[in-house]
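Working notes, structure below.
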Amino acid sequence: MKKTTLAMSALALSLGLALSPLSATAAETSSSAMTAQQMPSLAPMLEKVMPSVVSINVEGSTTVNTPRMPRNFQQFFGDDSPFCQDGSPFQNSPFCQGGGNGGNGGQQQKFMALGSGVIIDAAKGYVVTNNHVVDNASVIKVQLSDGRKFDAKVVGKDPRSDIALIQIQNPKNLTAIKLADSDALRVGDYTVAIGNPFGLGETVTSGIVSALGRSGLNVENYENFIQTDAAINRGNSGGALVNLNGELIGINTAILAPDGGNIGIGFAIPSNMVKNLTSQMVEYGQVKRGELGIMGTELNSELAKAMKVDAQRGAFVSQVMPNSSAAKAGIKAGDVITSLNGKPISSFAALRAQVGTMPVGSKISLGLLREGKAITVNLELQQSSQSQVDSSTIFSGIEGAEMSNKGQDKGVVVSSVKANSPAAQIGLKKGDVIIGANQQPVKNIAELRKILDSKPSVLALNIQRGDSSIYLLMQ
C-alpha cells in the first residue's frame, strides 16, 4: 500500500511541475516547433485522391434455382390450388412461384447491391470496378465524394478477372486517378484502401503490401492478387488501393474472412492488369485474350527432382495444344517457363494470369529451361481453338466454371470452378469432361450450347471423371 501511495505521489508531483509557469513556456515552445514542422499525415494525399473514388449502387435481377417438389405432391400446387391462393401460408413459397411443377429450373429475383469504383478517365467518365458489383445490373447509380449523383452504363465486363468498366453519363468536373506501375511493388510498401464499406460512405484504411502474386484462391479464374492488411470489408469491392503518392496500385476485390469479418487479409487486382483489361473494353467492349495453348502445373522441389530440372520456381509445361502459339514456337512438354518478357515467372498460375491480360496478337518472349539448358523463344499470341469460355455464356444454371474443347471431338473439359458457384453446387469439378447432356452426346462446346439453347427444365450432364462415368443433375 505504501508503494502505491508513493507512486501516486510521484505522479502528482510530476504533474504539479508540468503545470508550473516554467514548464508551460517550454510546452508552448515545443508545440510551436511541432506545428512548424507538421505531423506526418495522409490527409494531403487523400484530399487529391478521394474525389476519384466513387460509391456505386445497383439494382437488377438474377435467376435463382427453385426447389423441385416430389412428383406425388405436384398436383396440390397448381395455379388453381387452394394452397397457392391469397392468404395461404404457401402463397409466396417457391412451389407456388413456378417451382411446384419443376418450373424452368430458376426464378427471377430482384436485388440491390452496393460497391465502389475508381474514375480512370475524367473526360469520358470511365469508372473501373469489380464485375461482381455490376453483374446483372439493370440500373447503376454512381455517387461522387462531393455528393453528386450520376447514372452509369456498362462498357465492358470480364467475369474471369472480375473487372468491369462502366461509364458515367454526361460527366462533368470529374477527377481521375493516376495508375502506378504495379510491377514495381515490393512486399512492405505502404498501402491505403479507399471505398464504401457497408454503405457507410468513403472510408480510408491503411496497411502494407503483405504479399504479391497471390493465386490459387478460387476467387477468380485469373488470379495474380496483391495481398494487403489494409482493412477491406463488404462494399469495398471495386475501390482503390493506392500508394503513398496517391497512385492506384490495385482494385480491392476480395477478403479472406472465415467468420465474415475482416482479419487483415485482403486482395486487390494489380493496376497493370486493370489497365490492360480496361483498354480492351474501351476498344472492343470485351476482353479478347490471346492464349499460349499449353496446360501445366506449378513447379515444386519434388517435381523438379523427378523431372531432373535445375529450378525451384516456374511454370511446368505438361501438354502443348496442336497448332497453338506455343506449338508453333517450339515449346515442348517438359519445358519449364521461367520468365515472360524478361521478368521472372514464379508459378503456372502467375503465367496464366499475366498472359490472360494480353490481347490477341501480342508479341512476347519466354525464357525456358529444357534439359538443363536456358533458351528463349519468341511468339505471337493467337486465339486458340482450345479457347476457354465462361459457362454462363452456355447456360445460366451452370455459371461459375470455365470450359474448353478437349480436342478431337472428345467432349468439353471443365478447367476451373469457382467456389460456391452454381456450377460447384451441382457438383462440377476441375478436370471433369462433359461427354453428354440430356441423353445426347457432346463432342464440343458448340454441341453443348446447342443442346442447352432450348433451356431445359432439367439438365442431366454425363461426366467422365478419371476412370469413372457419372451423372450430375440440375433441376
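In case you wondered, yes, glycine gets a Cβ from its N, Cα and C as well.
Annotated signal peptide per Swiss-Prot: 1-26, in sequence order, evidence recorded as similarity to another entry. Taken from Swiss-Prot, the feature substrate binding site applies to Glu59, His132, Asp162, 235-237, 253-257, 292-296. Taken from Swiss-Prot, the feature disulfide bond applies to Cys84-Cys96, supported by similarity to another entry. What Swiss-Prot lists as active site, charge relay system is His132, Asp162, Ser237. The feature domain 'PDZ 1' is assigned by Swiss-Prot to 281-372. Residues annotated as domain 'PDZ 2' in Swiss-Prot: 378-467.
Neighbour density for Ile255 (substrate binding site): within 10 A of its CB lie 20 other CB atoms from the protein chains shown. With the fewest other C-beta atoms within 10 Å around its C-beta, Glu59 stands out among the binding-site residues Glu59, Asp162.
Counting Cβ atoms from all protein chains shown, Asn236 (substrate binding site) has 29 others lying within 10 Å of its own Cβ. Taking the Cα atom of each, Thr253 (substrate binding site) and Ser237 (active site, charge relay system) are about 5 angstrom apart. Cα spacing between Glu59 (substrate binding site) and Ser237 (active site, charge relay system): 16 Å, rounded to the nearest whole number. Classification of Met295 (substrate binding site) by DSSP places it within a strand. Residue counts for the domain 'PDZ 2' (378-467) under DSSP, split into helix (H, G, I), strand (E, B) and coil, are 18 helix, 31 strand, 41 coil.
For the binding-site residues listed here (Ala257, Met295), the lowest count of other CB atoms within 10 A around the CB belongs to Ala257.
Mean pLDDT for the domain 'PDZ 2' (378-467) in the predicted structure: 78. Taken residue by residue with DSSP, His132 (active site, charge relay system) is part of a helix. Taking the Cα atom of each, Asn236 (substrate binding site) and His132 (active site, charge relay system) are about 12 angstrom apart. Considering only the recorded positions Asp162, Ser237, Gly293, the residues lying within 10 A of His132 (active site, charge relay system) on a C-alpha to C-alpha basis are Asp162, Ser237.
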